[in-house]
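Participant: Annotation source Swiss-Prot lists active site at 199, 200, 201. The annotation sulfate binding site is assigned in Swiss-Prot to 198, 200, 296 on the grounds of sequence analysis. The ATP binding site annotation in Swiss-Prot covers 198, 199, 200, 201, 292, 293, 294, 295, 334 and is backed by sequence analysis. Taken from Swiss-Prot, the feature 3'-phosphoadenylyl sulfate binding site covers 435, 436, 437, 438, 452, 478, 479, 519. Look at Swiss-Prot and you will find 1-170 tagged as region 'N-terminal'. Annotation comment: Swiss-Prot describes 171-395 as region 'Catalytic', evidence class sequence analysis. Annotation comment: Swiss-Prot describes 396-574 as region 'Allosteric regulation domain'. Summarising the annotation, Swiss-Prot assigns site 'Transition state stabilizer' to 204, 207. As annotated by Swiss-Prot, site 'Induces change in substrate recognition on ATP binding' applies to 331, with the evidence given as sequence analysis.
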């Protein structure tokens, strides 16, 4: 029998009566609307499907204060994580958000109305208080605290919601169970005791052994329940992770384990988050929940210390186990014993026994360099999946971003690089020359600071997409402003796959650029015929963070090209 929902009743708000659903959709089209953020969408989905039972909407101020102060809602139910809908003053005024107002909540991906909220109150946020109460700190090294201070708006809207529709998904649809559906699935396959395993990382042999041990100890089945909403910045993308989980499932004895995806926006809140995760799994019908070492920990604070103790999460969940009605299965870190070819919890290893481990950092290094990943650590199918998504350096894309004055030699260097990289082979090469981009992508833009910024953003977007696809990108705009170049670096390193970005300052002196200007553009600018010309009546802010500085007045194109090739070789990219 599945576990009872938290609070006694599963708050499944999905409307199954077609006429009522149609009426709500019709009403939503007439209401003021809030387009949700990614986190708000994740939260709303788990509100309307019952994953956050007993919540029936976003927290009002009374529930919010109770959650912060003693982890309890006004009705006395335990709930350790604030679930809030943040808005700013402009939205409050423009949408007339006040008690009794009805607001449509829309999916940012397709603009569909997901729910209608009936506002009970609007209240100001004390972000320092929230950070300290929930995360035990106000240190911006914590990703959720950074999000709170930099992304969350200054007011919260409380109120119950009515579901209009479910968020649409096109990936892994068969694995996306609501709490009611997963409970039905457990009943169908006659699972009475279920151990849930929460993860935001790929799984390897240690994780398989840990979950099998947990099932054996509790005479239960295993639910692999990974988070596929928002996780920690820098985590492996959920597409890759789900392929890993799918490849791992046949490694379990037939009928022991099943896989379901959880659209949760994690907060990396350590002990409170572990308690929250247990409540969510209870709502999904689970009877046991694995809490491991440093569960949902965010890593180090700004002083280099862990935000939470390694077993603080286990301690807090244990305190409330009886009230929750879900049994925690505590586990320490698993370690490999070469002599017996098995994994054991570190606290069960006999002193003096040789053990072996591979850290997350070391695994990433091996993936990056193509170094071997041993069978004792992971399975061949898992490693193959990870290598497909995270190829070694020699197969990764990169962007060479050349910046310098007009006629500084950027174009000659860029074209020579294109030839050398094509000669090298192994990846496609794309050339984004300043004049070409201006003609093909930015023909409507002028040369004002704002237009220059937009032009660089467009170049950066294209370069990032090409880099992510494994190409070698050579971009050669003037890019005179530090802000624009920082934007380019940020966009390409964050969205360009491995984020291999190199800023090359073509520092040819203005006098040389002007003296060798066969087109006479500098002369026209001096005569006032061209306005906003870099180096004449517009500034060029010299880079202070260039990866390489070259000068065509002192070096030949061949020498400069060779120095750039050596830079790439030093990074194992060629």
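Backbone N, Cα and C atoms are what each Cβ position is placed from, and that goes for glycine too.
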Participant: Identify, among the binding-site residues 334, 479, the residue whose Cβ has the fewest other Cβ atoms within 10 Å in this structure.
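Facilitator: It is 334 that, of the binding-site residues 334, 479, has the fewest other Cβ atoms within 10 Å.
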Participant: Over the span of the region 'Allosteric regulation domain' (396-574), how high is the average pLDDT in this prediction?
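Facilitator: Overall, the region 'Allosteric regulation domain' (396-574) comes to a mean pLDDT of 91.
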Participant: Around residue 207 (site 'Transition state stabilizer'), which of the listed binding-site residues (294, 334, 436, 452, 479) come within 10 Å, judging by Cα atoms?
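Facilitator: Neighbours among binding-site residues, in sequence order: 334.
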Participant: Look up residue 294 (ATP binding site) in the DSSP assignment and reduce it to helix, strand or coil.
Facilitator: coil
Participant: Pairwise over 198, 200, 296, annotated as binding sulfate, what's the top Cα to Cα distance to the nearest Å?
Facilitator: 9
Participant: For residue 334 (ATP binding site), what is the secondary structure by DSSP, using just helix, strand and coil?
Facilitator: strand
Participant: Hey, how far is residue 437 (3'-phosphoadenylyl sulfate binding site) from residue 201 (active site), Cα to Cα, in Å?
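Facilitator: Residue 201 (active site) has its Cα 39 Å from the Cα of residue 437 (3'-phosphoadenylyl sulfate binding site).
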Participant: Which recorded positions from the set 201, 292, 296, 436, 478, 519 come within 10 angstroms of residue 331 (site 'Induces change in substrate recognition on ATP binding'), judged by C-alpha positions?
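Facilitator: The recorded positions passing the 10 Å Cα test are 292.
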Participant: Under DSSP, is residue 200 (active site) helix, strand or coil?
Facilitator: coil
Participant: How many Å lie between the Cα of residue 479 (3'-phosphoadenylyl sulfate binding site) and the Cα of residue 199 (active site)?
Facilitator: 43
